[in-house]
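Enquirer: Pasting the relevant annotations from TrEMBL:
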BINDING   3, 4, 5, 6, 7, 8, 9, 10, 11, 12, 13, 14  NAD(+) binding site
DOMAIN    1-192  domain 'Mannitol dehydrogenase N-terminal'
DOMAIN    198-373  domain 'Mannitol dehydrogenase C-terminal'
Ligand SMILES: NC(=O)c1ccc[n+]([C@@H]2O[C@H](COP(=O)([O-])OP(=O)(O)OC[C@H]3O[C@@H](n4cnc5c(N)ncnc54)[C@H](O)[C@@H]3O)[C@@H](O)[C@H]2O)c1
Ligand SMILES: O=P(O)(O)OC[C@@H](O)[C@@H](O)[C@H](O)[C@H](O)CO
């Protein structure tokens with residue numbers, strides 16, 4: 001049984017690769033980081049440490065391929081793989097689509113491709129990128145034989161500063177939910193996957209709670225000079241603002257999906273305590289990375305804020321505040337942060353926000369964010 005996983009980074013090694021290996025798959029990681037690939041090929045195994053415990057897992061039967069230099073080998077690996085997964089980041093899906101298309105068109109049997117990215121409809125979006133690289137007949141073959149089930153993945157895996165390049169420290173908690181309807185052939189037998197018929201409530205609950213909360217911590221935390229999420233959580237005023245933002249996104253989720261209110265509030269508290277794990281050093285720059293993506297219309301801040309206006313019919317105060325803080329986010333090592341600040345210099349904070357969030361000037365959220373920007377400027 002072979003699996004190909006694109007992206008040997010934090011979540012790739014620390015979560016997806018570990019579960020694939022435990023399920024008995026020979027796992028081939030595909031990445032552009034030559035150093036990582038060399039290490040994987042030399043060691044053929046690596047260690048996953050569970051933060052806050054003395055438990056570790058040995059992930060075995062792994063190897064690596066370079067997605068640029070080893071294209072023919074990547075195509076062959078895809079041809080032979082039963083399952084293909086990705087954790088490369090939403091913006092990279094279009095980049096890996098050409099090689100995926102070539103590999104999938106070599107397959108003789110049905111198979112599944114699962115994008116494990118923080119976005120709604122990730123596998124479906126990847127499918128559309130792949131289909132752009134196929135002619136009409138090839139498109140039909142892919143649509144008929146390859147499943148692209150959407151999925152939601154949850155496990156906090158910070159950037160690693162380990163002596164050993166491959167070792168990765170992760171939080172013990174994890175959740176991987178995969179939608180059944182798009183699967184082709186048999187369901188992949190992977191312990192740890194929860195199969196559901198409709199992923200929408202699960203991905204929205206995850207993205208608009210875990211990732212919304214994380215974004216509040218990162219952008220307000222950075223604004224107030226903190227470096228790690230744990231430091232932010234130790235500031236009671238900001239912790240309360242995170243809880244407040246999650247009550248706003250939660251009000252929408254409860255209304256939209258009829259979640260039990262008490263159970264959802266318990267979920268929020270669990271998420272807050274996950275952010276407080278003293279054995280995880282997660283930097284605000286990782287959690288706040290790619291602010292243009294995070295301020296997009298379907299992402300963790302604007303989507304729940306716009307829905308709050310629709311469902312609750314009031315201005316989302318806490319969500320508007322964190323959006324405003326995101327507009328002050330600077331990090332010279334983050335391409336999107338640099339691009340956002342450039343846009344702000346050219347057009348001003350509110351015009352830049354309208355552009356990335358795709359909102360009109362008279363939208364109530366724009367007014368609410370403007371008020372918060374003025375407040376933060378003081
Ligand atoms: N880290 C987490 O806590 C976490 C949790 C859940 C979901 N995710 C999602 O998983 C995805 C990856 O996040 P991460 O934290 O592991 O990031 P990461 O930067 O640690 O890993 C991404 C990897 O993709 C590789 N990559 C870049 N371009 C590539 C290409 N063209 N071909 C192959 N590989 C390429 C990078 O070299 C890197 O090793 C994101 O969508 C993220 O939202 C992350
Ligand atoms: O990966 P991003 O950039 O979409 O978001 C940063 C973090 O919020 C994210 O990686 C979380 O750690 C993860 O989603 C937890 O499951």
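Glycine residues also receive a Cβ, built from the backbone N, Cα and C atoms like all the rest.
TrEMBL entries are annotated by machine, without manual review.
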Enquirer: Just to confirm: which same-chain residues, 6+ apart in sequence, have a Cβ under 8 Å from the Cβ of residue 3 (NAD(+) binding site)?
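Expert: Once residues fewer than 6 apart are set aside, residue 3 (NAD(+) binding site) is near 20, 25, 26, 27, 28, 81, 82, 83, 84, 85.
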Enquirer: Of 3, 5, 13, which binding-site residues come close to ligand 1, meaning Cβ under 6 Å from one of its atoms?
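Expert: By the Cβ criterion, which requires under 6 Å to ligand 1, there are no hits.
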Enquirer: Within 10 Å of the Cβ of residue 9 (NAD(+) binding site), how many other Cβ atoms can be counted across all chains shown?
Expert: 18
Enquirer: Average the per-residue pLDDT over the domain 'Mannitol dehydrogenase N-terminal' (1-192) and send me the rounded value.
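Expert: On average, pLDDT over the domain 'Mannitol dehydrogenase N-terminal' (1-192) sits at 97.
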Enquirer: Do any residues at least six apart in sequence from residue 11 (NAD(+) binding site), in the same chain, have a Cβ closer than 8 Å to its Cβ, and if so which, in order?
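Expert: For residue 11 (NAD(+) binding site), the qualifying residues are 87, 116, 153, 155, 157.
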Enquirer: For a quick check of packing: other C-beta atoms within 10 Å of the C-beta of residue 13 (NAD(+) binding site), how many?
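Expert: I count 29 other Cβ atoms within 10 Å of it.
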